[in-house]
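Per Swiss-Prot, the features are as follows:
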MOD_RES   Ala2  N-acetylalanine
ZN_FING   15-59  zinc finger
MOD_RES   Ser86  phosphoserine
ZN_FING   91-132  zinc finger
BINDING   Cys96, His99, Cys118, His124  Zn(2+) binding site
COILED    132-223  coiled coil
REGION    186-199  region 'Required for interaction with GABARAP and for autophagy'
DOMAIN    280-494  domain 'B30.2/SPRY'
Amino acid sequence: MASRILVNIKEEVTCPICLELLTEPLSLDCGHSFCQACITANHKESTLHQGERSCPLCRMSYPSENLRPNRHLANIVERLKEVMLSPEEGQKVDHCARHGEKLLLFCQQDGNVICWLCERSQEHRGHHTFLVEEVAEKYQGKLQVALEMMRQKQQDAEKLEADVREEQASWKIQIQNDKTNIMAEFKQLRDILDCEESKELQNLEKEEKNILKRLVQSESDMVLQTQSIRVLISDLERRLQGSVMELLQGVDDVIKRIEKVTLQKPKTFLNEKRRVFRAPDLKGMLQAFKELTEVQRYWAHVTLVPSHPSCTVISEDERQVRYQVPIHQPLVKVKYFYGVLGSLSITSGKHYWEVDVSNKRGWILGVCGSWKCNAKWNVLRPENYQPKNGYWVIGLRNTDNYSAFQDAVKYSDVQDGSRSVSSGPLIVPLFMTICPNRVGVFLDYEACTISFFNVTSNGFLIYKFSNCHFSYPVFPYFSPTTCELPMTLCSPSS
C-alpha cells in the first residue's frame, strides 16, 4: 500500500518532458509544472516553429513572465528522494503487505510476487509458483525487448506528430495563396462579381476549416499517443532500474498493455482530391450579366390562366402550377399532359418573365401562339412542340436532358421526289454547365426573337429563337409535364 502511494506521488512530481523528478520546478498559469531547463528549451522550440509559447501538455498559450517557481513541489521532490533512499522503505517492499512474510515466490497465474502464506491460501491454491530468482531473468529480457520496441515507437510517433504539424502549416500556406488568387481574379469586376467571390471564398474557408479541424484533432491524437507511450516507457524504466520486486509486481499486465500498443497514423489529405478553383470567364460573365440586366428592364406582370383542372393545379395567387394525377385514372397508362397559358396577350413590344423550376425532373416553357383547348400533347413524342405549330419552347426531360424544339426537318421522298415529307421535331440538345433553377424568357415581338436565360448562372444565354413569325397574339406557356413539383412565376423583387 505504501509503495503504491509512493508511486502515485512520484507520478505527480515527474516532469512531463524529461520524465524525471522535477528539478527547479516552474509552474504555468494552466497548472502544469516542468523542470526549469525543460520548459526553457521548449520555449525556444515553440517560438521557432509556431511563433508563440504554449504549454506542451494542454497547448494553452502564456507569457514568459508568468512562469513561477514552485517551492512546494520542490520540497515534495526532496522528501520523496529521502523516502525512496530509505532502507526501511525497501524493507517494506520486500515483505508481504498481508502476512508480513518475505516475498520469495512468483505466481504465474496472477503475475504477482507472493509469500509462502499467500501460496497456501485459497486465493492461490493450485496456481503455479516459482522462486523469484528463476523468473526474474526471463522477464528482464522481455521487458528489455519491450523497452527497445517502445523507444522505437516513440521515435515513430514523434515523427508522425512532426509530419502532421508540417502538413498543417503547408495547408495554411496553400489555402492562403488560394484566397489571394481568388480575390485577384475578382478585383476588376468587384461590383458585378461580389456574389461569386463571396461564394468561392466561403467554400474555400469551409474547406480550410474542415481540413485544419481534422488536422488539429489528428495532432491532438498524436500528442496523446506519444504521451501514453512515454508513460509506459517510464514504467518500464522504473521497473528495470528498481528492485526485483518492483520488476515483477504486475509484470504480466504491463506486458499485455505493451503488446496492445499500436501506433495510429494520422489522416492525411491529398492535393489531388482537393476542389480546385477555376477562374470564371470574367468577360463572358460581364457580357451575360449586362444582357440579363438589359432585358430585365422589360419585366412583365404575368399570371396563369386555369385550364384542364383534372391534370394541372394552379395556386390561389395564379403564379404557380403543378401536375396532378387525374382523379379518374384510365386503365391504360396516361401518356398525355396539358400546359397552361400566361395571362399576358402579346401583340407588340418587349416582354420578360422568369420561372422557378427548382428540383423538377421535367418541364417545358416558352411562348405559345395558338391554343387548342382539346389538344393533348404526347409526353413521349412532342410532335406539336414546333414553331410552325406556334410553340417556341425549351424543356427538361428525364431529369438531365435539356432541349430546344425546332421545326421538323423536311426531306424528299426517295420514291417520289416531288413529295416533301417531314420527320419529327428537331430536338436541339442544350448543354448546361450549371443547371438552371430559374429560367428567364425574353420576347422581342418586333425583332421576332425569343431568348432564354439561365438566371442561376449569371444570365448566360441558354437558347434563342430567331426569325419567328408572329401573325397573331402570343402568350407565355408553361407545362409542368408529369412531374408533380411546381413551376413558379417569379417577381422582380425575388
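Glycine is treated like the rest: Cβ placed from N, Cα and C.
Structure with Swiss-Prot features highlighted.
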residue: Cys96; record: Zn(2+) binding site; DSSP (3 states): coil
residue: Cys118; record: Zn(2+) binding site; DSSP (3 states): helix
residue: His124; record: Zn(2+) binding site; DSSP (3 states): coil
**Request:** Helix, strand, coil: count each for the residues of the zinc finger (91-132), based on DSSP.
**Result:** 9 helix, 11 strand, 22 coil
**Message:** If you count, for each of the binding-site residues His99, His124, the other Cβ atoms lying within 10 Å of its Cβ, which residue has the minimum?
**Reply:** His99
**Remaining residues near the recorded Zn(2+) site, that is with C-beta within 8 Å of the centroid of the site residues Cys96, His99, Cys118, His124** = Arg98, Glu101, Ile114, Cys115, Trp116, Leu117, Glu119, Ser121
**Message:** Restricting to the coiled coil (132-223), what is the model's mean pLDDT?
**Reply:** 84
**Asked** Just going by other Cβ atoms within 10 Å, which of the binding-site residues Cys96, Cys118 has the emptiest spot?
**Response** Cys96
**Prompt:** Per DSSP, what is the residue count of the zinc finger (15-59) in each of helix, strand and coil?
**Reply:** 15 helix, 8 strand, 22 coil
